[in-house]
């Protein structure tokens, strides 16, 4: 469901996928899912003033803290309080017939999470007037970059003076309190008017760590099924950032039960409004009443216990009112503050309910297979706009002046997480109607002119997907909503797609926008119309959306070749999936944290690639027939992967593309239920006319035993062709290796003087290794005429060879020889394959005598390509496309004189006219900044530092932070780190890590970053928290290039001196393991690389004169 602006997942030589719709989700999973803005830079914001229409006059406002905690709980919760702000004596919820009880009747319940307590359950009597479902307050910690954040606006922080009110902590209270007593804390009206703190009446729930206990049931009891929700919400966006809401759910009893359990989190539910009644047309005489409630904060369950049993088949109406906080964490309902073009502070509210955040927006059955219809009513200020999944049916005024209620049409059956609401100051453009479906593109009025690309792409993409899937778009309208870039994610509801800031200038950014729109449109069928039964099958939704986005992207002529787009994707995901820490596509999950762990490259990109592989071994026509039938069968329902396998098998047997004794399930379960992928080893016979083909799991880390590697077996579709009759168009499997076979024999190959090549067009999800003789034949062909091989196979050979050499399965003499032809290459993908892999060699060799020769070799490959571009003046720079921008970066990193001169000249022009940002083309801006700072002095550095604080553009600020770490002066690097981690500078935590990463990622900066951690680890933990994941991320960033025994000693010293900090010991051991691996790599490969460079004329041996 979620799509993101960039992919930057860690890998050997970090690869940035150019049409990326995935955030650095690895980091998101590492820290936790309280926000999905994993890539965008989240902003710190000013607190919101109280809205006078919200809760009455300021004189009526009372800060309250619960005293109704037992003496035992009071002792265990000495630092825990739950604070609420009370509404007036009676607060009617507009649009409902119910009235909230007086606030003086509210009681609160809370508990302290303990490591020894798996489940936290408290029963509240029906005499209690309200339930506060919340977690204890915990000290705020700075979040890691590209992760969850507490704030979403670019306004500066404001410090509020401490209130003169003194509060007696619960732990100090010595007088037992009754359960109905409340301690009232009054704050003067003047203080509230002058310094209004942000309203946070509900403390955010942070789910406990994963239990790793599959027998601990996080699923709702399957005794009830929701049929329809009526939801009313009134968010006070310009007030106290709270929400008044009501929820009524029509449901049917499936099994005898005396309990009603649903999800609820971060809200205050008023007991007097909780009603259980018979559904319309049902008799209610014998309906049991509610006797008590249970709140389970670990599972986020809210259970009503009844006085009697409910019978199966009975329909009920269960309703309640609630109040929640409109917080600024990007989950549930959340608020965003931003500045419009006039510098005026604005507010908006939107939703992000996937995967388990709907329960933060309203009480509900928050699981994907519990679909229901939804009718939404929204109270808003009349000068704002509300947009949701369905069209507005009518708008009626409220009694409060300036307020109206929008009533939306009833939705189709859908899961809770697809509900979307946006309330903001927006305007729209109607796109030429696509048949019966009106399409509108919404944005802030001052940015509406920048939505032209979405207006152009949306109807074309929608039309293509309808045609390809042979199924009309199922909803009556489609809205695209562009919100401030602080939100940083794109996410689809049904009928509404929410995007970040629509501004996109360079081609690569425009392509990214097109990819994201296509991804979210594909979800209208895969994910929305047909929804995975449980998050275990998330890949069905995200994998198909990722596959169809590429398909649509190429069909709109934005890329010349679908195969090349997918081959680039393959190289990215093979990196991630070859780590020992990888996991199967289909992975059982048991709690919210485990669910969020599935939102990663495996679900998105491996999922999409195995779909691509199926489309080739089944044939495109058979594959398409199968998925069309799958959608028709499961529409408005849920599905598991076996449902897909069944329809594809039927189509394959009908078309004869699979034998009758083989099913798609037999084949594909080996790809979805196992971790990783195989490397296929092809060893030809002495005369070359036959070959033995063997499979084993490919791992970047050699720690796994050979027996473990051989345990993994796949059904592998083998495609191949030969030199005497090359055919690169037939991508159907010629032969299969079954999962019961370790190896097979392939006959009828050409003689030993002619090459064979496997994995035609890289359509299979595997790597290929050959015997030395066949590698030499392939290298000879590359040097003679590389165009005999398609671009995809040229890139594949380079990527496979260098990765095989990395793990010791191929010598670097052979792997480097595969790259020699690149000085004649004109296509981007093979060059990119080479230089992404060479980043590892650069990290290993930069501090050795071989590095000079290595640089010479790299330049020998790149300079001919650069010369062919003829980039010598501003006009030619403007014409540089994304595929060439990476080439410019590589050359400048290698200090090529022409590239350095170009970059420093452009930077100098910008320094002369700082407001003219266009003087440095966007596509090479980061390269220009980095190169100019690396080859400049303090003046160039200080200029960029000033521009960082003057800029309001998030992407530009990111570019500047990265570039500032490019300086070659160690004292400046050290000063930059110290400056960034100084609290008075007011850099946010994600900015601090960006600074650290920018220094550590440069070969000259590793030692500076490491020295900083050695001396300042206590400061890092003070800013980022003393967490296991903090240590892991910082140490990995700083020590990736460690490859000496001296490095090992330093790591041991770091662990010994800092082991008192959580996570340091584990992270240090991980870094040491990686360092041992790098040392082994150096021992195994250094001499081979040195000899190869020397023998090919790239020696840097110093001579005695």
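Residue numbers in this text run from 1 along the chain shown.
The backbone N, Cα and C atoms fix where each Cβ goes, glycine too.
Summarising the annotation, TrEMBL assigns active site, proton acceptor to 520. The Zn(2+) binding site annotation in TrEMBL covers 519, 523, 542. Marked as compositional bias 'Low complexity' by TrEMBL: 77-102. The domain 'Aminopeptidase N-like N-terminal' feature in TrEMBL is assigned to 225-418. Residues annotated as domain 'Peptidase M1 membrane alanine aminopeptidase' in TrEMBL: 460-671. What TrEMBL records for 755-1066 is domain 'ERAP1-like C-terminal'. What TrEMBL lists as region 'Disordered' is 66-106. Taken from TrEMBL, the feature site 'Transition state stabilizer' applies to 604.
In the three-state DSSP assignment, the secondary structure recorded for residue 542 (Zn(2+) binding site) is helix.
Ranking the recorded positions 520, 542 by how many Cβ atoms sit within 10 Å of each one's Cβ puts 542 at the top. Its own atom aside, the Cβ of residue 523 (Zn(2+) binding site) has 26 Cβ atoms within 10 angstroms in the protein chains shown.
Following the DSSP three-state reduction, the secondary structure of residue 523 (Zn(2+) binding site) is coil.
The two recorded residues, the residue listed as 'active site, proton acceptor' and residue 542 (Zn(2+) binding site), show a Cα separation of 10 Å. Distance noted between the C-alpha atoms of residue 519 (Zn(2+) binding site) and residue 604 (site 'Transition state stabilizer') is 11 Å. Residue 542 (Zn(2+) binding site) and residue 604 (site 'Transition state stabilizer') have their C-alpha atoms 5 Å apart, to the nearest angstrom.
Looking just at the domain 'ERAP1-like C-terminal' (755-1066), the mean pLDDT is 89.
The two recorded residues, residue 523 (Zn(2+) binding site) and residue 604 (site 'Transition state stabilizer'), show a Cα separation of 12 Å. Residue 604 (site 'Transition state stabilizer') falls within a helical segment according to DSSP. The Cβ of residue 604 (site 'Transition state stabilizer') has 30 neighbouring Cβ atoms from other residues within 10 Å, across all protein chains displayed. Other C-beta atoms found within 10 angstroms of the C-beta of residue 519 (Zn(2+) binding site) number 31, with every protein chain shown included.
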